[in-house]
Amino acid sequence: MIPRLLQFSVLVSYVYEVTFGSIYEQLQPIDVVRTSTVGNTSYDCFEDQYDMPLVFWHKANLESKLSLIRSLDNQDVSIKRELLAAGCKWLWNSVPGLILLEVYSGDQQIKSFKKRGNVYSSIITKINSTHWRCEDNSFVEHVEITFENKITVVVEANLSAVTIDQCEKSGEPNAFNGTNRCHHTTYCTYRPGDRPFAAGNYWCACRPGYYSAFTKFDGALVELASPEDIDNKYSCHKCLEGCDVCDGPESCMAKFMWTKRSTFLGITVVCIISTVILIWFVHKNRRIKVFRIASPTFLIITLIGCIIMYSEMGIMFPECTQQLCVATKWTRHFGFCITYSALLMKTWRVSLTYRVKSAHKLKLTDKQLLQWMTPILVIILVYMGAWTLSDPPQAVLEKEKETNLRFWRCSNDWWDYCLAAGEVLFLAWGVRVCYVVRNAESFYNEAQSINFAIYNICIVNIIMMTIHFFLFPDIGPNFKYTLGFIRTQLSTSVTIALVFGSKVVRVLNGQGDHWDNKAKGLVSYEMNDVCEETNDLQTENEELKEEIFKLATQIGLLKNSLMHVNNRHLRKTGCQSCNPIASNQQSPTSKTGSFFKSLGSNSCLAPSTSA
C-alpha cells in the first residue's frame with residue numbers, strides 16, 4: 001500500500017530548457033517515472049529542483065488531520081504553539097515515509113522534524129507549491145500547503161522507497177491510477193514491493209472469457225514493449241462461444257449429433273410428404289362412403305394441423321435463435337390446436353347426437369361445427385399474437401448439468417405456463433367427451449378411432465409437458481431434439497394412423513363403398529346423414545305400412561281358417577266365399593282396407609238357420 005502521504009491526483013508538468021530556447025513538455029507523473037526507469041531518455045536524478053504540480057497528499061486530507069490546528073484562535077499564541085507542536089509530533093509519528101515535517105505560523109517556524117542524515121533545510125518558496133528534487137540519487141517530493149489561518153505545513157518524503165500502483169483503483173485518488181499498459185484483453189493486478197518508484201509493478205492476467213498460453217504477463221516487460229508487441233505477445237485470445245472461463249481454444253458449446261438429427265429430420269420430411277399425399281387422396285375419394293361419412297372437410301383440417309406440427313422438427317434442427325423460438329412456439333401450439341379441435345368437434349357431434357332422447361333426429365352440418373371451431377382458433381391466435389408482440393420467447397444460454405457444456409434453448413416464462421395450463425384443460429374436456437361416447441356405435445368404428453386418437457394425444461402431451469417443465473428443463477440439445485421427435489411421432493403419426501389407416505386400406509382394397517357387419521340398421525352419428533342409399537322418413541313410413549298390411553292379411557287368413565274348421569254353425573255348401581283364400585285374392589301390399597271390409601261382409605261367418 002502506498003502511504004497516505006503519497007496520495008495524489010493531478011498531472012505533472014516538467015519544464016526544461018535546451019540550448020536553442022525554452023521548450024515546455026506536458027508530462028504525466030507516470031511519464032517521468034518511465035523515463036527515469038525504463039524509458040529511452042534517462043532521468044537518473046534531477047540535478048536541480050523543478051516545479052512539479054503534483055500533490056501526493058490532498059489538501060482536504062491534510063486539513064482533516066490538522067483540523068484542530070486550523071481552528072486555533074489567532075490571539076491565543078501560547079496555546080497555539082503548544083497545539084501545533086503536539087499536532088506535528090503526532091503527524092510525524094503516524095505517517096510513515098516522511099523525511100521532513102515543518103510547521104510555520106506566518107513566517108515563524110513553530111516545529112521541525114527531520115530524518116537523521118537529511119541535511120536539507122526547507123525554505124518556503126511560494127504558497128501551495130509542489131516540486132521534486134534529487135538527494136543522494138533519490139527522488140524527494142517537496143510539498144508546501146498554507147491554510148487560511150496562515151499556518152503553513154512543509155512535507156518532504158523520499159519517493160525512492162514507494163512502490164507505484166498503476167492498476168485501476170475505483171474510489172482511491174492516485175495519479176498513477178490506471179496508467180498500466182495491459183492489453184484490453186487482460187486486467188492489471190498490483191505486485192507490491194518488487195521495484196520501488198518504478199513503472200511495471202503489476203501483472204497482466206487474462207480477463208474472464210479470454211485465454212493465453214501464459215497465465216499472466218510481467219508488467220515490467222509490458223512497459224518496455226511497443227504497441228505492436230503488446231497486441232501480439234502480451235494479449236489474450238477470446239474464448240469460443242459459451243465459455244465464461246477457458247484454458248484453450250476448445251469449445252464450451254454442446255456438440256450437435258448431426259447424423260442423428262438428420263435422420264430424425266429425414267423421417268419427419270417423409271411424414272410431411274405422406275401427409276400431403278394423404279390430403280390429395282382424401283379429396284380425390286371424398287365421395288366414397290368411408291370418407292364421406294367421416295366428413296372430408298374435417299379430415300383435411302386434421303391433416304393440415306398435423307403438417308404444422310411436423311414442421312416443428314425442421315425449425316428445431318439448426319441452432320436456436322429468437323426467431324426460431326417464436327416459430328417453434330407457433331408451430332407446436334397452433335398445429336396442436338387445429339388437429340385436436342378438428343377431432344374434438346367430430347367427437348362432440350357424436351356426443352350431442354348420442355345423448356338426444358327425443359324421436360326427432362339431430363342434424364349437425366360441417367358449417368355449424370366450423371362455426372363452433374372458429375372461436376377456439378381465434379383465441380389461440382390472439383394469445384400467440386399478443387405473446388409474440390409484447391414478450392417474444394428469447395434464446396438463452398444454458399449449461400448442461402452432466403457435461404457442463406453450454407447450449408442455446410428457448411426461454412420459458414409465464415406465457416408458456418399459462419398456455420400449457422389451458423391446453424391441459426382443453427385435453428381434459430376432450431377426454432370427458434370421449435368418455436361420454438365410449439359406447440356409441442358408428443359406421444366403420446369412426447367414433448372409437450377418434451376416441452383412441454384423443455386419448456393418445458392427451459397422454460403424450462401431458463407426459464412431455466412434465467418432462468419439459470419439471471423433470472428435465474435443462475437437458476441438452478440432442479436429447480431435447482430426440483424428445484421432440486418422439487412427441488411428434490407419438491402424437492401426430494399415431495393420430496394419422498388411427499384416424500386414416502383403416503379408411504385408406506378399405507379404399508385401396510375396393511371396400512370403401514361397402515358397409516361393415518354392423519352397418520345394417522345403424523343410425524349414423526356423423527354429419528353427412530349418411531349416404532345416398534339412406535332413405536328419408538317418408539320412405540321408411542311407406543315400407544312400414546306395407547309390412548303391417550302383410551301381417552294383417554296373414555292374421556285374417558289364419559282366423560278364418562280356424563273358425564271354419566268343425567264349426568257347425570256355418571253353411572258347408574253353396575258359399576264360394578267360405579274359401580278364404582279364394583275370396584281374398586288381393587295384393588298383400590295393397591294400401592287399402594279392402595281386406596278388412598271383406599272380413600266384415602263374409603257370409604260364411606253368418607250363423608246357420610237350418611238348425
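Just so you know, glycine gets a Cβ as well, placed from its N, Cα and C.
Curation does not apply to TrEMBL; its annotations are automatic.
The stretch that TrEMBL tags with transmembrane segment, taken from the ranges 70-87, 142-159, 214-231, 484-501, is 484-501. Counting Cβ pairs closer than 8 Å and at least 6 residues apart in sequence, the transmembrane segment (449-472) and the transmembrane segment (264-283) reach fewer than three and form no contact. Remote same-chain residues near the transmembrane segment (264-283) are listed as 291, 296, 299-300, 303-304, 306-307, 310-311, 313-314, 317, 481-482, 485, 488-489, 492-493, 496, 500, 504, 507 (criterion: CB distance under 8 Å, separation of at least six residues from the stretch ends).
Same-chain residues lying 6+ beyond the ends of the transmembrane segment (330-348) with a Cβ under 8 Å from its Cβ atoms: 294-295, 298, 301-302, 304-312, 315, 369, 372-373, 376-377, 380-381, 384, 388, 419, 423, 426-427, 429-430, 433-434, 437, 446-447, 450-451, 453-454, 457, 461, 491-492, 495, 499, 526-527.
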